[in-house]
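Peer 1: Before I ask anything, let me first share the structure, which is written out below as structure tokens.
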Amino acid sequence: MRVSLSCNFLLNFLYIVVFLQWYGPGRKRDFSPLPWSQYFETMEDVEVESENGKDISLIYCSGSHGPVLLLLHGGGHSALSWAVFTAVICSRINCRVVAMDLRAHGDTKVKNPDDLSADTMAKDIGKVVEALYGENPPPIMIIGHSMGGAIAVHTANANHIPSLLGLCVIDVVEGTAMDALNSMQNFLRSRPKTFKSLENAIEWSVKSGQIRNIESARVSMGGQVKKCEESTSSSGVSNSIGEGIIEEEEEEEAEEESNKKRMKEDDQEIKKECIFTWRVELSKTEKYWEGWFRGLSALFLTCPVPKLLLLAGVDRLDKDLTIGQMQGKFQMQVLPQCGHAVHEDAPEKVADALATFMVRHKFTEFKEGYLW
């Protein structure tokens, strides 16, 4: 009996030690950024003609044969949000991946970055496809998340991709999206305005639940934030975590000279800290929000290609989508325990769902040796 009790005590003690090593307060998580090259094979600029001159779209690519998966990110994100998913899907099926930074997002450079209308963004995608493949593009499956999902539907509906195979929309439903617009500005105001470093931004994205997969956050947050072009020491903005806080203090006039010297020193320190801020001011795009989502259900259902709708949790389908699903007009799959960034939180589950969908429709085949 004593031996048994001693063994149990020892096992429990060892369990507690291991638990504290992995999960205890002394264990520090790695929030350092990861390079795009760990997930994509190439990165390149695509030059296209626009009304005001030439626009440059940045794309990331992987794969050499099979249908093209054209990936469109959500508002404020970038093509890097597809990084981990790309590595996973390329291990599942024969395919090529093209993930692009949309207008005014990431490192894409356009003459008129303020025009984020659904029509303009859909035309951008058609122009990039034409620049890449000419008049005879390969079979293309277009996949979009959130805003990118809405733009994918508009692109497909306008027939900007003549070789379109299928359409996959991730976590965007018209009714839910339209309801959420009323609270969007409050959400945007609740976010930190600046971050002390890229690592700080990655940490915030994970701890706030914006991205629940730390690996994806480490590669994708670099596409959401950028270094401030000018010092923000006098802007009075603050960071909710605390590390990136910059505040302006009011001083008495008698200490003006001393303060000038101190502020100059503070500015130098701020520049050393490499303050980061958001690449896209989403609050200024509000006039386009309704145009992205209004009428989306009807447009989605009228697209004549096979369609897949992936949702995080049980979403609220409107009448048209409910009837359409009952009639078998599209396939829907719910991926529970995910946040809004479904493809980042659960890249394996999204890749499995998409791979199965594409193989079922004979768009491609599973890779040799892959067990599904």
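Just so you know, glycine gets a Cβ as well, placed from its N, Cα and C.
Please treat TrEMBL annotations as automatic predictions, because they have not gone through curation.
If you look up TrEMBL, you'll see 69-353 marked as domain 'AB hydrolase-1'. What TrEMBL records for Ser146, Asp171, His340 is active site. Per TrEMBL, region 'Disordered' is recorded for 225-265. Positions annotated as compositional bias 'Low complexity' by TrEMBL: 231-244. Taken from TrEMBL, the feature compositional bias 'Acidic residues' applies to 245-256.
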Peer 1: Count the other Cβ atoms sitting within 10 Å of the Cβ of His340 (active site), across every protein chain shown.
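Peer 2: A 10 Å sphere around the Cβ of His340 (active site) contains 19 other Cβ atoms.
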Peer 1: At the level of the C-alpha atoms, what whole-angstrom distance separates Ser146 (active site) and Asp171 (active site)?
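Peer 2: Asp171 (active site) has its Cα 6 Å from the Cα of Ser146 (active site).
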Peer 1: Sorry to bug you, but what's the C-alpha spacing from His340 (active site) to Asp171 (active site), rounded to the closest Å?
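Peer 2: His340 (active site) has its Cα 7 Å from the Cα of Asp171 (active site).
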Peer 1: Across all the protein chains here, work out how many other Cβ atoms are within 10 Å of the Cβ of Ser146 (active site).
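Peer 2: Looking across every protein chain shown, the total is 24.
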